[in-house]
Structure formats: C-alpha cells, structure tokens
Amino acid sequence: MEPLKFRDVAIEFSLEEWQCLDTIQQNLYRNVMLENYRNLVFLGIVVSKPDLITCLEQEKEPWTRKRHRMVAEPPVICSHFAQDFSPEQNIKDSFQKVTPRRYGKCEHENLQLSKSVDECKVQKGGYNGLNQCLPTTQSKIFQCDKYMKIFHKFSNLNGHKVRHTRKKPFKYKEFGKSFCIFSNLTQHKIICTRVNFYKCEDCGKAFNGSSIFTKHKRIHIGEKSYICEECGKACNQFTNLTTHKIIYTRDKLYKREECSKAFNLSSHITTHTIIHTGENPYKREECDKAFNQSLTLTTHKIIHTREKLNEYKECGKAFNQSSHLTRHKIIHTGEKPYKCEECGKAFNQSSHLTRHKIIHTGEKPYRCEECGKAFRQSSHLTTHKIIHTGEKPYKCEECGKAFNKSSHLTRHKSIHTGEKPYQCEKCGKASNQSSNLTEHKNIHTEEKPYKCEECGKAFNQFSNLTTHKRIHTGEKPYKCEECGKAFNQSSILTTHKRIHTGEKSYKCEECGKAFYRSSKLTEHKKIHTGEKPYTCEECGKAFNHSSHLATHKVIHTGEKPYQCEECGKAFNQSSHLTRHKRIHTGEKPYQCEKCGKAFNQSSNLTGHKKIHTGEKLYKPKRCNSDFENTSKFSKHKRNYAGEKS
C-alpha cells in the first residue's frame with residue numbers, strides 16, 4: 001500500500017469558491033488544514049512542510065499567482081493514482097492516455113485533494129462519471145448527498161445514511177433495544193449473553209474482545225508504552241497520550257461565537273451547541289421525555305425498565321453493567337489491589353491510584369484562564385469554572401434546588417429519600433456517600449496522610465488541608481452578598497446566610513430546638529443521649545464531639561497558633577481570634593430585634609433576650625439571686641466564694 005501523503009487529507013477550493021466563503025468558514029478551513037498537517041507530523045508521515053501550510057501558519061491568503069494558475073488549469077486529482085494528470089479532450093481520454101504534469105518546485109505534497117462533487121473536474125456526472133471511467137478492478141467512489149462524505153463501499157454509504165434518518169431497523173427482541181447498524185446489535189447481544197471469551201487471571205474480569213483485554217492487562221503489569229515528549233509522562237493507551245498532549249498545545253480550534261467557548265474537538269462543539277439551541281433530539285416514546293444526548297436517554301430508559309442484569313446476591317444490589325458489579329464487589333471484599341509505591345496506600349480502583357499519585361508529584365496541569373488557579377484533574381477545573389459563570393444546570397425535581405454538578409444533585413436527593421447505604425463497621429454510622437464513609441474511617445484509624453508544609457499540621461482529608469491552608473494565605477473566596485462578609489469555606493457562607501434568612505431547617509424531635517446545620521443537630525442530640533464517644537488520652541475526659549476533643553487537647557500542649565496581628569495576643573481556636581478581633585474593629589453583628597441593642601457574640605445576645613422574656617435560668621442554691629446568663633452567674637459565685645474566705 002502506498003504511504004499516505006498530505007494531499008490525501010487536504011481540501012481544495014477554486015478561487016471562485018474561496019471568495020464565496022465567509023470569514024468563519026475560511027477560518028474553519030485554516031484550522032482543519034493545520035490540524036490535518038499536525039496529525040501527519042505526529043504520525044511521522046510528513047517530512048517537508050508544504051507551502052500551503054506555511055501560508056496558513058502566517059495567516060496569509062492560501063493563494064499565490066503560481067498556485068492560482070495551477071488551479072485554473074485543473075488536473076484530474078484522484079486518490080486511486082500515484083500522480084496527477086491533465087485532462088485531454090474528455091475524461092475517458094484522460095484515463096486512457098495520461099500525461100504527467102510538472103509543477104517545478106511545487107511537489108505533489110503541496111497539492112490538495114479536492115473533496116467537492118467536481119473533484120476530478122468532470123463537468124458531467126461528478127463521481128458517477130469518474131466511476132464509469134475506472135477499470136472494474138479499481139474500487140468505486142460513493143458519496144453521501146447530505147454531508148458529501150466519501151465511501152469506497154456501497155454498504156458503508158448505506159450504513160452511514162441510516163444515521164441521518166435516525167431509524168433503528170435492527171431490534172433485539174429480548175430487551176426491546178434497537179440499533180441502526182447490524183454490527184452494533186451483534187455486539188450488544190454478546191454483552192447481554194455474557195459471552196466473554198477473554199478472562200483476566202489477575203482479577204477475574206472478562207472481555208469479549210482481544211484488543212480490550214490487551215489494554216486491560218497493562219493496568220496490572222504497569223506497562224506504559226506511550227510517552228509524552230514534552231514532559232515525559234507515560235500512558236498505557238495511545239488515546240490517553242493524545243488527550244494529554246492537548247494540555248500543552250491548548251489548541252481549541254472550534255469556537256462558539258454565541259458564548260465564546262472554544263473546543264479542541266468538533267464533536268464537543270456539536271454537543272455544546274445543543275445547549276444554546278435547546279434541541280432535544282433523543283426522545284423516549286413511553287413518557288415523551290426528550291434529551292440532548294443519546295447517553296442520557298439510555299440512562300433514563302433504565303429507570304423505566306429497571307434493566308439490571310447483574311445482581312449481587314450478597315446485598316441484592318443490581319447493576320446494568322458487569323463492570324459496575326465487579327467494582328461493587330470490592331466494597332464487600334475490602335480488596336485493594338492498586339498500591340502506591342511512594343507511601344504504600346492501597347486503592348480498589350486504578351483511577352483512584354492515578355489520582356492519588358498526583359499528591360506526591362504536586363503536578364497541576366489544568367489552569368483556570370479566569371483567575372489562574374491550577375488543578376490536578378480536568379474535571380476539577382471544569383467544576384471550578386462554574387464558580388465564575390454561576391451556572392447551575394442540575395435541578396432537583398422534589399424541591400427545585402439547583403446544583404452545578406450532577407454528583408451534588410445525586411447527593412442532595414438522598415436528603416429526600418433518607419437513604420444511607422454506606423455504613424461504618426466500627427461504630428455503625430451510616431453515610432449517603434462512599435467518600436464520606438472513607439473519610440469517616442480515618443477517625444478510627446487516626447491516619448492523617450495530608451500534611452501542611454507551612455506549619456506541619458496533618459489532616460485525614462485533603463479538603464481539610466486545602467481549607468487549612470487558607471488560614472496562612474488569608475484567602476476568603478466566598479463572600480456574602482447581603483453584608484459583604486467573606487469566608488474561606490462555601491459551607492460556612494451557606495450557614496452564615498441563614499442568619500439573614502432566619503432559616504433553621506434541622507429540628508430536634510426530642511425538645512423541638514432548631515438549628516442552621518445538620519452537624520449542630522447531631523451534636524445537640526448527644527445532650528439527650530449522654531453519648532460521649534471522644535475521649536482524651538491525656539486526662540480521660542470525654543466529649544460528645546470530635547472538635548471539642550481537638551480544642552481540649554490544646555490545653556495540654558499549650559499551643560496557640562492563631563495570633564492577632566493588631567495586638568499580638570494568641571488563641572488556641574480560630575473562632576476565639578475572630579471574636580477577639582471585634583474588640584479592635586468594634587463590629588457587633590448580633591442585634592436584638594426587640595430593642596436594637598447589638599453584641600459582638602451570639603451568646604451575649606441570647607443572654608440579653610432573657611431580659612425581655614423575664615427568663616432567669618441560672619439560680620444559686622445558697623441565696624435568692626438569679627441571673628440570665630452564665631457569665632454573670634459565674635462572677636457571682638466567685639464573689640460569694642471570696643466573702644466566705
């Protein structure tokens with residue numbers, strides 16, 4: 001087979017055609033041609049740079065007098081022949097009696113393969129005329145009328161046309177699923193019947209294709225044959241390397257004018273365009289619900305049919321993919337086959353290990369163009385960008401609350417259902433997320449793998465370390481629109497907002513007391529149960545909350561990491577420092593609705609309110625005095641003790 005040339009992947013327009021194109025179409029042409037050339041260079045096919053590419057790179061018009069003269073006398077350009085030929089008399093004579101053209105310095109690589117209907121410059125009949133001229137031994141050319149795509153087999157053209165009609169003539173009667181191509185139906189049957197011919201001896205996972213099986217084996221042996229020349233990063237699949245390279249090139253050739261968003265793949269801009277048009281071409285006939293992606297429709301169908309073929313007998317949970325069942329089994333077995341060579345930490349998924357390794361390297365290749373913040377994963381950057389746009393596309397049908405991530409919506413839904421499938425074997429605590437359970441387990445093991453380089457403090461969660469670092473940097477990215485107050489955590493801002501709204505969603509069934517946060521309600525409940533699971537090893541004192549134990553431990557160490565910049569006074573808790581700062585600023589955020597008096601602490605406001613209600617909760621046993629707050633009661637006790645002595 002003759003090696004691929006630049007002309008085989010190029011496109012040619014006549015001068016008249018070029019002048020008919022608008023600026024966007026001309027730019028698209030430039031981008032496509034440059035991308036084709038880069039792909040050939042990457043594959044090691046193109047050695048010399050064509051003149052056309054030089055013109056395009058310099059943003060010049062792809063027309064010179066010399067080039068225009070050549071196109072004005074069009075050659076017959078056909079991928080079935082090794083050279084270009086001049087037409088003589090008519091097309092038949094040209095193929096029977098051909099004369100090679102000489103272009104001087106302009107090599108064959110500099111010529112472009114035309115892909116318009118008049119590709120071979122046949123005035124009558126287009127491709128059909130060319131097909132008639134070809135010998136019977138040569139393969140014929142078939143073209144799609146809608147998108148002008150070329151095929152060398154009539155069956156391929158037919159298969160392609162079915163995609164435009166969206167018809168799915170091949171139906172699987174067993175489950176009622178339909179396909180537009182017969183080969184897709186055959187492949188689906190294999191999945192359903194579980195015919196997996198290739199089984200992995202390492203983990204027992206089975207595959208129905210040898211190529212997929214070969215790829216999978218690389219996970220266990222750690223083979224990474226594809227290396228990035230830019231940074232030396234190794235990948236076990238060629239597609240992963242190609243995706244990785246986009247980080248460095250930052251080439252986003254496909255731009256949407258409506259929102260200025262750019263993409264490096266044409267398929268991505270096609271998917272994105274549907275957001276603006278509001279088009280939902282994938283429709284469910286049973287419930288008339290429509291979706292903008294076929295994958296979303298497939299997922300939705302499962303809700304109706306409950307098509308879950310793979311059930312785990314241990315817990316009764318079922319899955320619609322065998323790979324999901326295999327992954328789920330590991331939760332029960334506790335198996336963690338993927339181990340980090342750096343620190344020895346083990347994981348139940350290879351992707352989790354890959355993600356963990358970045359902690360050691362410190363690599364953050366994904367940077368936000370808006371604020372310069374860098375991330376370890378592209379998904380984290382995508383999520384971060386929503387902070388700038390404020391977009392929240394995922395809405396809860398139950399209460400109308402919107403989220404910027406689908407995972408956050410899934411997590412939120414469990415509030416309505418009350419489902420908590422992940423339970424701690426040590427203490428019985430249940431969570432609605434596996435990640436929460438994993439983090440919770442660190443309390444029992446006391447493992448703290450995440451260490452602050454600034455002060456040496458260690459944490460059992462990476463998110464806690466990130467939040468802690470803001471103490472040193474002073475960064476407070478979350479600002480209240482109501483009063484302008486800023487916070488270093490989004491959750492604290494959410495809680496703070498409830499001060500303005502007065503919302504207290506979490507109510508104690510025992511005494512009716514309501515709270516802003518669920519954690520405060522959980523903490524409060526321990527007052528009724530008397531439970532104190534957190535014990536100090538130093539003195540044996542027990543607490544009903546882990547944070548109270550952490551605060552107590554500072555008494556033994558004497559550590560006071562939070563220092564006031566104004567007067568130098570140090571505190572063992574950040575909240576104490578915040579409270580102290582109000583002495584300097586004069587800030588009094590807690591105001592009495594009854595008389596307007598303001599306080600710098602919420603506890604002082606609570607005590608003050610009792611003046612209006614007449615409530616006196618603190619009464620000494622030895623005298624008739626009574627007090628509305630603990631501080632006055634404590635002061636009275638000290639005075640009483642002094643008199644006695």
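Just so it is clear, glycine is given a Cβ too, placed from its N, Cα and C backbone atoms.
Check Swiss-Prot against the ranges 6-28, 75-97, 167-189, 282-304 and you find zinc finger recorded for 282-304. Swiss-Prot assigns the feature zinc finger to residues 338-360, out of the candidate ranges 39-61, 338-360. Looking only at the zinc finger (366-388), the predicted model's pLDDT averages out at 82. Taking Cβ pairs closer than 8 Å, the zinc finger (534-556) reaches residues 443, 523, 526-527, 572-573 in its own chain, all 6 or more past its ends. A Cβ distance under 8 Å defines the sequence-distant neighbours of the zinc finger (562-584), meaning residues of its chain 6+ beyond its ends; these are 471, 551, 554-555, 600-601. Long-range contacts of the zinc finger (506-528) within the same chain, counting only residues at least 6 positions beyond its ends with a Cβ under 8 Å from a Cβ of the stretch, are 495, 498-499, 544-545.
With DSSP classes pooled into helix, strand and coil, the tally for the zinc finger (506-528) is 11 helix, 4 strand, 8 coil.
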